[in-house]
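Single-structure report; data block below.
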Amino acid sequence: MRKVAIYGKGGIGKSTTTQNTVAGLATMDRKVMVVGCDPKADSTRLLLGGLAQKSVLDTLREEGEDVELEDIRKPGFGESWCVESGGPEPGVGCAGRGIITSINMLENLGAYEEGENLDYVFYDVLGDVVCGGFAMPIRDGKAEEIYIVCSGEMMAMYAANNICKGIMKYAESGGVRLGGLICNSRNVDNEKEMIEELAKKLGTQMIYFVPRDNDVQRAEINRKTVIEWDDTVPQADAYRGLAEAIDKNEMFVVPTPLEIEELEQLLLDYGLMEA
């Protein structure tokens, strides 16, 4: 079983990318569980046909400790399994703790056991804040390979670099490695070349360039992943391509984060910042 975490700055399209990738893997007959680690609890909605799933923390608050696996894990598109860790009430407590509680509960209830025949577990993690709780999947060895969703926008690249600092810190003590950058295009000038160069400087690869396409929004309005909505459109091919690239990936590295000056120089070189 491959344990994958998807990180990236808020609003970059992590949840959309994760769910569409999982749909792509499902069409390749891979058995996948998705664990949403974002307090917004929107990491599985498209796989569940638009249903808002009750989160692990909400279930615990309402039912107490007496929880069965089927209470927190729902079947989604392509025989995937869907879990949302959820978060605390706004203004109270730490969302990172919710991730820790959820993953421990899934382990105790046997969600990862061999009889489940999982090929992958995907953690979709809020990524601007590399605080201890959100870093938990990489810190405690729950995730072994990380993909960072980014774009050619400055803040997305800053966030990617910061996440690499977190990976580097925990790679020394555990087995976590960076599998690559996924460029979720924002149609920025020179975007593909810039992310390829950023990946090179980080010691990794741009594993896939996902073009920007309104079919993603059309599918979301229909509460589906692109592949489930219309598997003949070019964007469905893009997500299948990304799923295949992850499935075949063999490049796992400890990243070499950039100093802020190097990152700014990269942005200057590609015309995103004025000298």
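Glycine is no exception: its Cβ is also placed from the backbone N, Cα and C atoms.
Here Swiss-Prot flags Gly8, Lys9, Gly10, Gly11, Ile12, Gly13, Lys14, Ser15 as ATP binding site. For Cys94, Cys131, the entry in Swiss-Prot reads [4Fe-4S] cluster binding site. Taken from Swiss-Prot, the feature ADP-ribosylarginine covers Arg97, and the record attributes it to sequence analysis.
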Reduced DSSP assignment, Lys9 (ATP binding site): coil
Distance, Cys94 ([4Fe-4S] cluster binding site) to Gly10 (ATP binding site) (CA atoms, angstrom): 17
Neighbour tally for Gly10 (ATP binding site), based on other Cβ positions within 10 Å of its Cβ: 14
Cα separation, Cys94 ([4Fe-4S] cluster binding site) to Lys14 (ATP binding site) (Å, whole number): 21
Cα distance (Å, whole number) from Cys94 ([4Fe-4S] cluster binding site) to Lys9 (ATP binding site): 18
Cys94 ([4Fe-4S] cluster binding site) versus Gly8 (ATP binding site) - Cα distance in angstrom: 19
Per-residue Cβ crowding (10 Å cut-off), top of binding-site residues Gly8, Gly11, Gly13: Gly8
Lys14 (ATP binding site): tally of other CB atoms within 10 A of its CB: 26
Residue, out of the recorded positions Lys9, Arg97, whose Cβ gathers the largest set of other Cβ atoms within 10 Å: Lys9
